[in-house]
Amino acid sequence: MRTYHCFWLLFWAGQPHQSFLTPLSKRTSGFPEKEKVLILSGNSRRDLNRSKRSWMWNQFFLLEEYTGTDYQYVGKLHSDQDKGDGSLKYILSGDGAGDLFIINENTGDIQATKRLDREEKPVYILRAQAINRRTGRPVEPESEFIIKIHDINDNEPMFTKDVYNASIPEMSDVGTFVVQVTATDADDPTYGNSAKVVYSILQGQPYFSVESETGIIKTALLNMDRENREQYQVVIQAKDMGGQMGGLSGTTTVNITLTDVNDNPPRFPQSTYQFRAPESMPTDSPIGRIKANDADVDENAEIEYSITEGDGYDMFGITTDKDTQEGIITIKKALDFENKNLYILKVEATNTHVDPRFLYLGPFKDSATVRIQVEDVDEPPVFSRPAYIIEVKEDVPINSVIGTVTAQDPDAARNPVKYSVDRHTDMDRVFNINSGNGSIFTSKPLDRETLLWHNITVIAAEINNPKQSSRVPVFIKVLDVNDNAPEFAMFYETFVCENAKAEQLIQTLSAVDKDDSYSGHQFSFSLAPEAASSSNFTLQDNRDNTAGIFTRKHRYNRHEMSTYLLPVVISDNDYPIQSSTETVTIRVCACDHRGKMLSCNAEALIHPTGLSTGALIAILLCIIILLVTVVLFAALRRQRKKEPLIISKEDIRDNIVSYNDEGGGEEDTQAFDIGTLRNPEAIDDNKLRRDIVPETLFMPRRTATARDNTDVRDFINQRLKENDTDPAAPPYDSLATYAYEGNGSVAESLSSLESVTTDGDQDYDYLSDWGPRFKKLADMYGAMDSDKDS
């Protein structure tokens with residue numbers, strides 16, 4: 001039932017005119033309504049003495065959303081001056097006057113021409129005035145009045161969001177806050193219950209509830225499990241009129257997600273797992289994967305695997321794949337089928353993030369049994385040692401067995417094995433091996449002094465399957481035997497003075513031995529038997545691996561015997577004793593009184609039996625030096641310089657001077673003559689450079705004579721091309737010119753060489769006209785002239 005209210009506002013009119021209500025000429029509302037009249041008083045503002053009262057209105061009320069076909073009647077304006085003879089005219093102005101609101105200028109009736117919406121504009125302020133129709137003057141002051149739009153329930157509640165999204169942890173307690181929804185009503189909240197909203201739940205029970213006044217959604221069911229149901233869709237209704245019958249309503253959807261908590265322990269889907277692994281599988285290789293299922297997600301489902309017990313605790317390991325949460329079983333040690341072919345492990349899976357609130361649900365771990373069967377494979381032979389070291393004496397006879405290697409097939413079949421030597425490690429084929437029993441023997445003589453260690457590789461392969469093979473290094477050390485005689489540590493060639501005295505030491509000898517001695521070498525020195533009695537010299541063994549040669553007589557004559565050859569026998573003390581005879585060359589020379597050699601007999605240099613290697617080398621060096629001197633002298637003779645043919649002063653140019661030798665610097669003008677460039681006919685093809693010494697002499701090439709008018713640049717290019725294509729051209733033959741300015745230069749020659757040919761004063765002011773770069777030069781030369789004048 002709709003109830004309409006009409007508010008009357010009475011205010012005092014100054015003139016004692018009777019107030020009255022004009023009856024309505026036309027009623028447009030479909031419900032009973034009292035007539036609304038606004039009486040205008042002419043003296044309401046002029047006289048404050050209230051001698052008589054008049055009832056007046058200052059506001060009208062109009063319902064929104066009028067649905068009739070005629071204009072909606074608002075009210076009536078009336079003035080005390082209106083006698084009913086049509087002499088007055090009513091005028092309306094203000095909000096919507098003439099458009100939304102119109103007035104009958106004769107009767108003062110006000111009507112609304114359009115449907116009004118309070119939510120768009122709730123109040124209209126207008127002004128009314130009565131004027132004399134003949135004179136156009138107002139008979140009443142302008143009065144302001146208000147038209148208020150009465151609200152009706154024409155707007156349903158609207159939620160701030162079409163869809164709400166919320167989440168709460170699973171297993172939450174009853175009454176846990178989820179989310180708050182809010183709806184607004186555009187109707188007037190101060191007028192009736194049109195904007196009073198009440199919330200209710202249409203869908204989502206019995207899991208959730210909503211508070212009717214606040215719109216707060218809470219859980220209504222205990223222990224909601226995400227693993228059973230994760231998503232919930234709740235529909236909330238907001239209804240105005242306080243939820244009474246006939247109120248308007250709106251709805252919204254709330255999507256609620258249960259988030260995960262760790263309320264589920266890991267569980268293996270089976271109690272026993274079986275895997276197979278070949279015994280040849282390398283360590284750290286994976287042999288299988290196991291997985292415990294956890295209904296939780298993300299970090300709540302992270303699992304750590306471990307081996308808790310079993311006979312393969314130290315043979316296998318297990319790691320966790322972080323992406324799949326699987327346990328990867330790997331090999332930690334090499335497997336051997338013949339040693340053990342079955343391992344039983346106990347594997348445990350444990351949650352890494354445990355929530356203490358749910359420990360009452362039980363331990364958050366599970367275990368399973370893993371059986372690993374080792375499979376037999378055809379394995380290569382295995383040597384008894386990882387490496388072999390064999391020692392053998394260097395005098396061992398050929399084909400002597402020096403050692404044995406052993407390898408066996410580890411498989412149960414025990415296949416026979418054959419042996420061989422990897423010839424890449426024994427290129428000289430010094431050793432060989434018996435293919436049946438692995439005996440290593442020599443096939444060539446050994447020499448410790450040549451090679452102390454021999455490193456070879458032995459291959460053992462199955463006869464039935466040669467692909468199954470293995471290798472082992474064999475290190476053979478050659479032991480020393482006394483098979484080398486001692487010898488002089490160096491070549492000894494000494495001299496004796498003609499005026500030497502008897503028993504004078506002229507040379508100390510020492511010896512070396514290629515053999516190895518554990519107790520140290522001990523050499524003995526003596527003269528050969530054939531020289532022991534007739535020699536002019538004696539030998540004294542110092543017993544410290546050295547010996548001294550002494551003179552036996554006074555004075556020697558180099559004219560009688562210029563050279564003595566003294567045979568010396570050197571022996572060691574090892575077994576068997578080895579000895580050798582070495583020769584010491586002694587030359588007789590003339591010496592001063594202090595024993596310093598002055599000269600030796602020249603005939604000794606050409607003696608057929610006394611000419612030493614050093615003397616031959618000295619002779620050859622002298623001959624080579626002599627030949628080089630002759631060649632250089634001839635080359636310098638050919639490097640004669642011709643006088644340059646200078647045509648004019650402008651042909652004076654800077655010479656090329658080489659500073660990479662000990663020459664005469666800038667005074668050395670023999671390095672290169674620029675005059676040859678201006679007179680190509682004067683070039684002597686046989687003329688060589690004199691600034692450097694050529695390493696090799698080549699036959700000069702004859703080139704065609706240049707024409708008289710040949711340009712310098714063309715001449716240089718021609719000569720460069722000839723030398724580039726000449727294989728006999730020396731690499732040091734190159735030319736470079738300086739201060740070449742071409743023909744017809746405007747600046748002429750800038751060389752300071754020409755200045756020395758003139759004695760007159762030079763005027764350098766013209767250099768300033770050439771630009772800023774030459775201005776500094778003009779200032780410098782001008783300053784120098786000023787200094788000379790002063």
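Even glycines carry a Cβ here, placed using N, Cα and C.
Just so it is clear, the model here is predicted, and its values are computed rather than measured.
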Stretch carrying region 'Disordered' according to TrEMBL (options 262-290, 639-667): 262-290
Summary of DSSP states over the domain 'Cadherin' (160-268), given as helix, strand and coil counts: 3 helix, 47 strand, 59 coil
The domain 'Cadherin' (269-383), counted residue by residue under DSSP: helix, strand, coil: 10 helix, 56 strand, 49 coil
Residue distribution over DSSP helix, strand and coil in the domain 'Cadherin' (488-598): 4 helix, 53 strand, 54 coil
